[in-house]
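See below for the structure under consideration.
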Amino acid sequence: MAYPGHPGAGGGYYPGGYGGAPGGPAFPGQTQDPLYGYFAAVAGQDGQIDADELQRCLTQSGIAGGYKPFNLETCRLMVSMLDRDMSGTMGFNEFKELWAVLNGWRQHFISFDSDRSGTVDPQELQKALTTMGFRLSPQTVNSVAKRYSTSGKITFDDYIACCVKLRALTDSFRRRDSGQQGVVNFSYDDFIQCVMTV
């Protein structure tokens, strides 16, 4: 079974991790990664950022464009999506991965915001999710749309929160679906951990 954002699936807005030295030049004469300046401006001495720092970093970088800056809860979701060691923080390589994903999702949002209102409606969300490779029932899409819309409109921030949660839950499901059959068995505790850490 193909999963959205993974090899064999349509869409492909979820690039993999990045190797190499965080931010700084690896060899004399090599230039510093331009994203490192945004990251280093808010990172502590441990070289990690938490959700508060990520929110400041993304706001200062202007990645949201003309849209409202990301709220703290959306930033918490972003950190948890990439927090593989469950530390509540992300390093520079995870930040670079997030940056690439956010840019892809932003372009995707813009392409579905046909009236340039800064929002998408539930039907546009359904089309967007389908083009990203998510094969969800109409009932599930309706539930997702209700969860992330206000007065029938989904803002950029809520769209990103929705994408982050869908990716994180799909990744968690995929890790447990070793036979790639689209079906897994969860213990209650495992289910709660899976859902609450997203």
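Cβ atoms here come from the backbone N, Cα and C positions, even for glycine.
Given the structure is predicted, the values throughout are model-derived calculations rather than measurements.
Features of the protein shown, as given by Swiss-Prot:
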type	residues	note
DOMAIN	45-64	domain 'EF-hand 1'
DOMAIN	70-98	domain 'EF-hand 2'
BINDING	D83, D85, S87, T89, E94	Ca(2+) 1 binding site
DOMAIN	100-135	domain 'EF-hand 3'
BINDING	D113, D115, S117, T119, E124	Ca(2+) 2 binding site
DOMAIN	151-169	domain 'EF-hand 4'
MOD_RES	S178	phosphoserine
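Overlay of Swiss-Prot annotations on the structure.
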residue	record	DSSP class
D83	Ca(2+) 1 binding site	coil
T89	Ca(2+) 1 binding site	coil
E94	Ca(2+) 1 binding site	helix
D113	Ca(2+) 2 binding site	coil
T119	Ca(2+) 2 binding site	strand
E124	Ca(2+) 2 binding site	helix
S178	phosphoserine	coil
Are there residues at least six beyond either end of the domain 'EF-hand 1' (45-64) with Cβ under 8 Å to its Cβ atoms? List them, or say none.
22, 38-39, 70-72, 75-76, 78-79, 87-92, 95, 99, 102-103, 106, 156-157
Neighbouring C-beta atoms (10 Å sphere around the C-beta of D85 (Ca(2+) 1 binding site)):
9
From binding-site residues D113, T119, E124, the one whose Cα lies nearest T89 (Ca(2+) 1 binding site):
T119
Here are the binding-site residues: D83, E94, D115, E124. Which has the lowest count of other Cβ atoms within 10 Å?
D115
Quickly jot the same-chain residues contacting the domain 'EF-hand 4' (151-169) by Cβ under 8 Å, restricted to those at least six beyond its ends, or write none.
4-5, 13-14, 64, 67-71, 73-74, 77-78, 80-81, 101-102, 105-106, 109, 117-122, 125, 128-129, 132, 134, 144-145, 194-195, 198
Give the sequence-ordered set of same-chain residues, not counting D83, D85, S87, T89, E94, with Cβ within 8 Å of the centre of the Cβ atoms defining the Ca(2+) 1 site.
Q48, V79, L82, R84, M86, G88, M90, G91
Can you tell me the mean pLDDT for the domain 'EF-hand 1' (45-64)?
89
Give the sequence-ordered list of residues that share a chain with D113 (Ca(2+) 2 binding site), lie 6 or more positions from it, and have CB atoms under 8 Å from its CB.
T119, V120, E124
